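This is the structure, below, for whatever I ask next.
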Amino acid sequence: MAVAVEGARRKERILCLFDVDGTLTPARQKIDPEVSAFLQKLRSRVQIGVVGGSDYSKIAEQLGEGDEVIEKFDYVFAENGTVQYKHGRLLSKQTIQNHLGEELLQDLINFCLSYMALLRLPKKRGTFIEFRNGMLNVSPIGRSCTLEERIEFSELDKKEKIREKFVEALKTEFAGKGLRFSRGGMISFDVFPEGWDKRYCLDSLDEDSFDIIHFFGNETSPGGNDFEIYADPRTVGHSVVSPQDTVQRCRELFFPETAHEA
């Protein structure tokens, strides 16, 4: 009987895992101080983590100053979890070049450059392919565009499906090569080995024996870079539309007594 009572009293081990762009911050912008403060309040009740497609330096820049991010979050998974931090310590890092090999990698890069060379857009800037540890990030307009140019491209992309058509061309060209593609943010898409989507981080969480992993993301429809982890049976998925929506969902789940105040 004592064992049963002890089991009933055991505090559930819960992890709230958040996407970054569109979920905790506006795309590629800094986190709002009120959202940041709420997350620390949430951390008093559950463990918290982030999983983003961007490299560690970009995630750190958006969610704090310097390396604050690995102190403010229990888990930080950069580049879909191929770069992993737990309780402030680097756990592991994988590299796409070792996995794919140089020949396939160059074929992929050359195809993307050739395809983009034929695109006529209102504007093109720089950094069309960003090489990361766990993926290639491909941007037809170029990642160095301004916020205004980013919005302009995003609106055009909604009408003309620029990224969607690009991805379809890649799927045809590299069929059977073990590659996956997903949209992320407003101006780009990611290319990565099969299995290296955001679910990659869940494998390393298995050993921590969480009772529930809540995942919050905004790109949760098929083709979005949150879809696979959102739909994975190991998570309870929550589709959000903004950082404020994320905060409200968490209030309803973990602070129901104050949810009406939002």
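Even glycines carry a Cβ here, placed using N, Cα and C.
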Which of the listed residues, Ser139, Ser242, has Swiss-Prot annotated as phosphoserine?
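Going through Ser139, Ser242 one by one, Swiss-Prot flags Ser242 as phosphoserine.
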Enumerate same-chain residues with a sequence separation of six or more from Ser242 (phosphoserine) and a Cβ-Cβ distance below 8 A; give 'none' if the list is empty.
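For Ser242 (phosphoserine), the qualifying residues are Gly22, Asn218.
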For the recorded Mg(2+) 1 site formed by Asp19, Asp21, Asn218, which further same-chain residues have Cβ atoms within 8 Å of the site's Cβ center?
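So the additional residues around the site are Val20, Gly22, Thr23, Leu24, Ala27, Gly52, Gly184, Gly185, Gly217, Glu219, Asp226, Val240.
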Nearest to Asp21 (Mg(2+) 1 binding site) by Cα distance: which of the binding-site residues Arg143, Met186, Tyr230 is it?
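If we rank Arg143, Met186, Tyr230 by Cα distance to Asp21 (Mg(2+) 1 binding site), first place goes to Met186.
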